[in-house]
Amino acid sequence: MYKKIGIIYHPLNPAACDLAIKLAAKLDSLGIENWSDSAWQADKLTPKMQNTQLILTTGGDGTILRTAHAILPLEIPILSVNLGKVGFMTELSPEDAISGLEKVLAGDGWIDERSLLEAEYLPHDSAQSRQFFVMNDAVVARGQVARVICVSVDINSQPFTTYKADGAIVSTATGSTGYSYAAGGPVLQPNSADIILTPILPHLGRGYSLVLPSDSIVDLKVNTWHEATLSIDGFINMQVSSGDTLRLRQSSKKIQFIRLRPENYFYKGLDTKLKGNNESVYDR
């Protein structure tokens with residue numbers, strides 16, 4: 001039995017906020033300790049994770065990404081309600097939220113584990129490095145000036161290539177349906193631990209993606225006279241400089257989702273989702 005449950009909602013989506021209130025009321029009626037907070041309040045979320053046994057999210061995939069970063073390095077399962085549009089990671093419709101929660105509280109469902117990456121940002125000037133978890137993707141890209149940058153890629157300490165491009169994406173299987181897919185990358189089965197390397201609009205045609213085994217270590221080194229950026233999962237963003245390196249490898253940690261659908265659920269509707277262009281602002 002779950003003794004403490006957290007509810008994380010998209011603060012700018014009124015329907016997500018309303019549903020969070022209803023879920024909290026349901027838990028109150030069952031005598032289950034619970035708390036609620038905005039997905040955009042990472043500094044408040046992380047301390048609340050201690051002793052929390054289940055997280056409910058109301059929002060889109062972006063809400064899940066922010067929630068995952070607040071949970072890590074703990075491994076607390078997520079039961080997600082889709083208040084966005086596409087919802088590659090979400091599980092329940094708003095209409096099924098209460099009944100789905102009741103099923104999970106009764107012991108139904110299975111755990112869908114997703115692989116993560118660990119990223120280490122290594123500044124060229126020997127300043128202190130920074131570490132991040134990556135659930136979807138890490139992107140090294142040009143800044144606001146519309147000029148290509150050079151990104152040198154090493155794989156397992158061996159030089160692979162230098163992209164002269166808008167940037168490069170290193171993606172997990174979970175992130176394979178996102179930016180990497182838009183840049184021409186493949187879609188991987190969700191429980192794959194493989195790593196995808198995809199250039200962004202490369203100059204002179206070196207436009208293929210590479211699927212790497214899970215034990216690979218990928219270094220992206222920036223070489224540019226212009227502004228460049230690093231983005232982790234689309235919401236951790238920072239400027240980077242020429243000579244800076246981003247090193248990525250498989251993490252020992254996992255993100256856990258509770259699923260009520262069959263284990264082959266991913267393929268149902270996948271083609272429709274990939275062809276769709278109906279993203280809501282609340283997916284972000």
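Placement of Cβ uses the backbone N, Cα and C atoms for every residue, glycine included.
If you check Swiss-Prot, you get these features:
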ACT_SITE  Asp61  active site, proton acceptor
BINDING   Asp61, Gly62, Arg66, Asn136, Asp137, Arg147, Lys164, Asp166, Leu201  NAD(+) binding site
Cβ-Cβ distance under 8 Å, sequence separation of 6 or more, same chain as Lys164 (NAD(+) binding site); the residues meeting this, in order, are Val148, Ile149, Cys150, Pro202, His203, Leu204
Asp61 (active site, proton acceptor) to Asp137 (NAD(+) binding site), Cα to Cα, whole Å, comes out at 13
In three-state DSSP terms, Leu201 (NAD(+) binding site) is classed as coil
Same chain, |i - j| six or more, Cβ under 8 Å of Leu201 (NAD(+) binding site); the result in sequence order is Val148, Ala165, Asp166, Ala183
